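Features reported for this protein in TrEMBL:
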- A:12-32: transmembrane segment (TRANSMEM)
- A:39-59: transmembrane segment (TRANSMEM)
- A:65-84: transmembrane segment (TRANSMEM)
- A:96-117: transmembrane segment (TRANSMEM)
- A:129-148: transmembrane segment (TRANSMEM)
- A:155-177: transmembrane segment (TRANSMEM)
- A:197-221: transmembrane segment (TRANSMEM)
- A:233-259: transmembrane segment (TRANSMEM)
- A:279-296: transmembrane segment (TRANSMEM)
Amino acid sequence: MMQLFDILASAGLWAAILRIATPLIFGTLGALVCERAGVLNLGIEGIMTIGAMIGWLSVYHGADLWTGLLIAAMVGGVFGLLHAGLTVSLGLSQHVSGLGVTLFASSFSYYVFRLIVPLASTPPTIVPFQPIAIPGLSTLPFVGPALFTQTAPTYLAIAIALLMAYIIFRTPVGLAIRMAGENPHAAEAQGVNPMKVRYGAVVAGSALMGMGGAFLTLSAFNSFFPTMVQGRGWICIALVVFASWRPGRALFGALLFAFFDAFQLRLQTALSGLVPYQLFLMTPYILSIAALAVMARRARVPQALMQPYRRGER
Amino acid sequence: MRFERREHRPLYLLVLTPLLAVVAALALSGILIAIAGAPVFEAYWRILTGAFGSRLSATETLTRATPLMLTGLAAAVAFRARLWNIGAEGQFYLGAIAVAAASAKLFGTLPAPALIPLLLLVGAVAGMVLILIPLWLRLRFSVDEVVTSLLMNFVALLFVSMLIDGVLKDPLAFGWPQSQSVSDHAMLPKLVARSRLHIGLAIAIALAIIVHFIQSRTVFGMQSRAAGLNPAGAVFAGVQLGRTLVKVACLSGGLAGLAGAIEVMGVKGYVTTDLSPGFGYSGIVVAMLANLNPLGVVFAAIFTAMMFVGADGMSRGLGIPTYIADVTVALSLLTMLIALFFTQYRIRR
C-alpha cells in the first residue's frame, strides 16, 4: 500500500503521464477529425509509424526538430490523401483501405529505414526536443516539475485539442465537418461539398497522426526502431469512441489512459518478480477494449460514418 | 468524370483484375528497388528463382504458403459476412500455444492417429474462443470488432509470451523463452522427403475446397453472404444475423487457430513469440487478393509466400532490405482494391 502511495505521489509519474499521453492526444484528435467528417481512418497505425520514421530521418539528415515535425505532418497528410482517394472518391471499404494504408505505410517505413541503416545493432540517434520549463509555473511545488517541464510538442498537442474543440463546435468549418459526417446529403443541399470536406478532414487528421508518431522519435525517444508504435494507433481509435467524438474528452481520455499506463509501468518495477510482467503490458490493450465496451453504446456515432457518399446515390 | 455501376461483370475482367493489380504493385515496388540502386528486373528474377528455382526453395515457398492459406481463408470467410476479423494473428498464436500445452500437459502419450487430429481440433477451438470475445462485444455492446479483434492480438501475444516464460517454458532451452516441444509423434508427416514441406499444405488446400463448397452450396454459406451484402435485408428474409455471425466467427477463428496449430506441428515443434512473421496480417491481404474467393486464396497465398521467400535471397544478393516483400504485398492490397472498384464501376465523362 505504501508503495502505491509513493508511486502516486511522485512528480515523475505525473510528468510521465503527459509524456505518454502526447502521441495519443495527437493520434486521437487526428482519428477524431476524420471520423467527424464520416471517414474511419484505420491507416493510423501505419501513418504514426511513417511519421516516426520520417521525422527521425529528417532530423538525422540535418533538419531542425520543428522541420522534422512538419515533414512528418506532411507525409502523414500524403498518406491521408491516399486513404481519402480510395474511400471518398472511389467509395471503397474504409476498413480495408485503412488496413491497406497501415500495412503499406509501416512496411514502407521499415524498408526506407533499413536502406539507410543497413544492419546496425544500435540505431543512430538524434538530439531530441528538450523539456521546456515554463517560467514561473515550473517552480511551483510538485505541480511545476510534473506539468510544466514538458517538451514543446506536448504543449502543442494540448493547444491543438483546445483549438480543435473550438473549431468543431464554434466555426463554420466545424459545422461543415460535422455535416459531412452526419448527413452529407443535407450538407450538399446547404451548398457544402461533402467530398471536399472529407478530403480536408482526412488529410488534416492524418497530418496530426504523423505528428503523433514523430513525437515518439523526436521527443520521447531519440531514434527509430521498427514496431515502436506498438498498437498506439489502434488505442487512439478506441479512445475516439471513449471520447464520444469530442476533442475535450479525447484530451481527457488520453490523459486517463496514460495515467494507467504510467502507473502500471511503475507498479511493474515495484512488483517485479512477483507477477509476470506480461500481465502489466496487457493492461493498456485490455483497458482500451473495456473502454470501448463501456462507452460504445452511449456514444453518439456520426451518422454517416463509414458510408461512402456518392452524388445522387443513396 | 463520374462513375457508373456496371450492369454485369464480364468474366475476363474478373480474371484479369487480380493479375493487373499484382503487376501494378510490382511496378510500384520496382520504383523503390530502383531508388535503392538495384537493377529492377534482376531483382524480380532473383525473387522468382529464389522462391521456385530449386527443389528446396519451392518446398520452402509452399511451406510458407500453408499458414497463409489458412489465415487467408479465415479472413475471407469473415469478410464475406462483413465480420471484420483482424485478429487472425492472435488466433494463430493461441492455436499454437494450445497445441503446445495440450501436447505437453495432457495428451502427449496418445498414439499419432489419435493425437494429431485431437491437437488440430484443440488449436482450432482455441482460435474460435479468441474471436468469440470481439464478436460477443459486438453483439452485446455494439462495439466495432475491428479494433477489439486487433487489440486482442497484442493481448494474445503477451499471453503466449507469459506462458512460455512460465508454466510452459522449456527447461532444456538454455533460458530462451520457448515452449516445451510437442511430442515427436504429434509432428505432421512430411509431404516431400528431405524438406520442411508437410501434410499441412494438403490440409489447407482441402479446407479451401471445403470452404468453397460451404459458401456456394449450403444454406449457411448463403446466409453468411446475405449477412455481408445486406444485413438489414438478410434479417428481413429471416436470417438470424447473430447466430449466423457466431457460426462465421467460429469458422474464421477456427481456421486461424488451425493455422497456428499446423505451423507448430508441421514446422517448428515448439512455440516462440516469433513463430509468425505476421501470418495473420498477411492473411488479410491474401484474402483481398483472392477477392474473398476460397479457391483464389490458394493462389494468392502462394504468390505472397513467393514474395517473402524470394525476397530473402534477393536481399542477400543485391543488398535490398527484405521489407520490400512486405511493401509489395501491401501495395498489392491497395492496387487490388482499386482494380476491384473497376470491375464494379466504369468511368463516365
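Every residue number used here counts from 1 along the chain in the order it is shown.
Any Cβ shown, glycine's included, is placed from N, Cα and C.
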Considering only Cβ pairs under 8 Å, which range in A:39-59, A:197-221, A:279-296 makes the most contacts with the transmembrane segment (A:155-177)?
A:197-221
Determine whether the transmembrane segment (A:233-259) and the transmembrane segment (A:39-59) share at least three Cβ pairs under 8 Å, counting only pairs 6 or more apart in sequence.
yes
With a cut-off of 8 Å between Cβ atoms, can you find at least three pairs linking the transmembrane segment (A:129-148) to the transmembrane segment (A:12-32)? Only pairs 6 or more residues apart in sequence count.
yes
Folded-back contacts onto the transmembrane segment (A:12-32), same chain, C-beta under 8 angstroms, at least six residues removed:
41, 44, 47-48, 76, 145-147, 149-151, 153-154, 157-158, 160-161, 164, 204-209, 211-213, 215-216, 219-220, 232-233, 235-237, 239-240, 243, 245-247, 250-251, 253-255, 257-259, 261-263, 265-266
